[in-house]
Amino acid sequence: FYHMDLYGSKERFDIFPEELSGRGDRSRGDTRREPALSSEKVQRPQEAGYDLEKEVAELAKMYGLDEDREKELELLEGHLEKVESRWPRARTEKAGPQGSIHNSSKSSSSGKDPSQSTKQQGLPDEASQGENQSKARADDEAESNIWSRGGLSSGGMSDEWNSQAVSEEEEEEEEEEEEEEEAADVFCSTCKIPIRAFDKLFGEHKDHEVAQLPSAVESEKEEIHKNMCKLEEQIAQMENVASHLEEIFITVEENFGRQEQNFEVHYNDAVQVLAQKYEEQLEALGEEKRQKLEALYEQLVSCGKHLDTCKELTDETQELFLENDKAEFMKTLIFFPYNYRLEEFLKKEVDLELSTLPDFEERVIDVSEVEQLMNSINAIPAPCAPVINPQAPNAATGTSLRVCWGLFSDDTVECYQLCYKPVSNERHSDEQAEHTLKVKETYCTITDLVPNTQYGFWVSALNASGISPPSERAVYVTAPSPPTIKSRKIRSCESAALVCWESRDINPVDSYTVELAKLTDEENGDVITESIVGIPNCEVLIHLQPTQKYHVCVRAQNLGGSSERSEPVLIHTTGTCFYLNEDTAHPLLAILDDGFTISCDELENPECDLPVYDNSFTRCIAILGSLIPFPGKHYWEVEVEEDTEYRTGVAFENTPRHGHLGANNSSWCMRHIITPSRHKYEFLHSGMTPDIRITIPPTRIGILLDYENCRLSFFNADIAQHLHTFNSHFQHYVHPCFALETPGILRIHTGIATPPWTAL
């Protein structure tokens, strides 16, 4: 038994040898020689004083057996009894000589090659064991080798001991096989491995967080899918970056071409200017040369003529001087023109100075224009024209506009020049004042404007090289002014309301928006509960809930945006509300400040000459209320005095203004007149009335208009008494009507809930 073979053998952990069967056959064939070798190897370590117990302890520690030392001692002492109890003697004898030969071979080779010994022991069981049990079997065989070495240290192991070790190993392998047959069915989130549910309950994963294996798989797949999506997003981003870089490359090439063209144009201009300057200076120099030469030539010609005259006079003088005849000499001197010519010639002053100097003037070349051109030759060309954006929705208020533009080039811009003026269709629109602003950004907010007004804007870009052409003009419009609700023309009932308003702007708007706020308490009284948008006209019919209070506001809309809210009006839906139409009032009829009380002071001249409107009553001192355009039932009351004669009821819009109420087929009314004997009440329609006597004169008359049932009823509201009912089919909506036949006062009460006693 060589310890160096134990520590140095390369086949020590070779659990699955490739030539297992060959080695097994070879081991079986050499069994006769191995006992002798085994006994010889056992004697060598004993002679050398080799410590087998220490070796066994090291092997036990290596394979995890030192943790249960008590079990080890128990196995060493009582191993034989356990084997005899578990394995019958018949099975031990059944192994026969072959088992003893095998064990002998094992004991002899364990000291030389433990791995080979392990392989040989595993051969008889290999046919019945799967590959998945190989690792467990190798550990058990290693443990068997430990006990084998322990037996060798005490003097050797018998064949019966070897057979019981093999049987115990087989039993343990069967138990482990049963345990491993149970597959992993949960996933340990802490260790990130699949485990059995048993390990969660009783094993080392007891305190770990686990999840069902399918759900863990789905979770991991979702995580993988998310990662794939992230990778795809990164791929898309990188592709976008790559395409952007390609565009930058193209832009760089385009900019280079533009700059090159810019340099070429500017340098050509400078060279052209220099050539022009050269030609001009050369021409001026040639002209100066010509003038000098002409002056010198004229002076030279004059000098030649003077010289010829001098020579001629000299010759004549010499001839005269040589005359010998004195008489002839004096005669010639006196009478010959020579003397005159000589005197005249000598009187002339000869100009001996040069008419011109040979030097040319020093010419200063003006290169300022060239310098300007040279200074303009730089890498920053004048910018291109900006592009002004169309007006964005809701980007304006009543007095301000936000204008935006862009520069679709890489030109360098120091600032922008924004110009604007109002747009008008009138002839003097060109005379409108033009405003100019300089801004650094590509946007600007202009304030102090007129509401609902169009303005034209254009913008230019500036840099050191110059200013760009102006952009195309864009028309912006400011938001409208808040509308004004006509509170006197609002009509309402228990389920609806008709709201009217007027615009404060000269220019028309696109539409209106009505906002409703239901008043339930002080906390949420201003919360908008409903909005009606896209209203083209200045009135709208709104459906409401009965017995509620509403705040109603109106906004005007155009392309620029929405106006501020109008002043809110309060609408009650407890009953029908209407107002008196002043345009229909007779000139003698007055409306008091509350808007619901009418009075008449005198009736002496009903057909007086007071101003009369086109829609006013001219004969009957009457007035119409607002139209009641809501289906259903409507109730109001009229407070009267016993000594006042009056008429009250309803009438169509086209009821004649020159007649009396109730005297035509377009009005229905109750009339009260006082006779000497009694108070007389008539219920008139088309001038006809039924014979009805009322014993208790009413001071508060209730009127119920029922469109659906085609009824108009009158009641004595003081005692809840029904007076009369007209049954008539109203082809159109009607107006309440009121008239006074004697001086007096009528008070109208609206917004009253329909009393239950009005049901007929």
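Placed from the backbone N, Cα and C atoms, the Cβ positions cover glycine too.
As recorded in TrEMBL:
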- 17-51: region 'Disordered' (REGION)
- 17-35: compositional bias 'Basic and acidic residues' (COMPBIAS)
- 79-185: region 'Disordered' (REGION)
- 79-94: compositional bias 'Basic and acidic residues' (COMPBIAS)
- 167-184: compositional bias 'Acidic residues' (COMPBIAS)
- 268-299: coiled coil (COILED)
- 386-482: domain 'Fibronectin type-III' (DOMAIN)
- 483-576: domain 'Fibronectin type-III' (DOMAIN)
- 558-757: domain 'B30.2/SPRY' (DOMAIN)
DSSP residue counts for the domain 'Fibronectin type-III' (386-482), split into helix, strand and coil: 5 helix, 42 strand, 50 coil
Helix-strand-coil residue split for the domain 'Fibronectin type-III' (483-576), DSSP-based: 3 helix, 46 strand, 45 coil
Mean predicted confidence [pLDDT] for the domain 'Fibronectin type-III' (483-576): 87
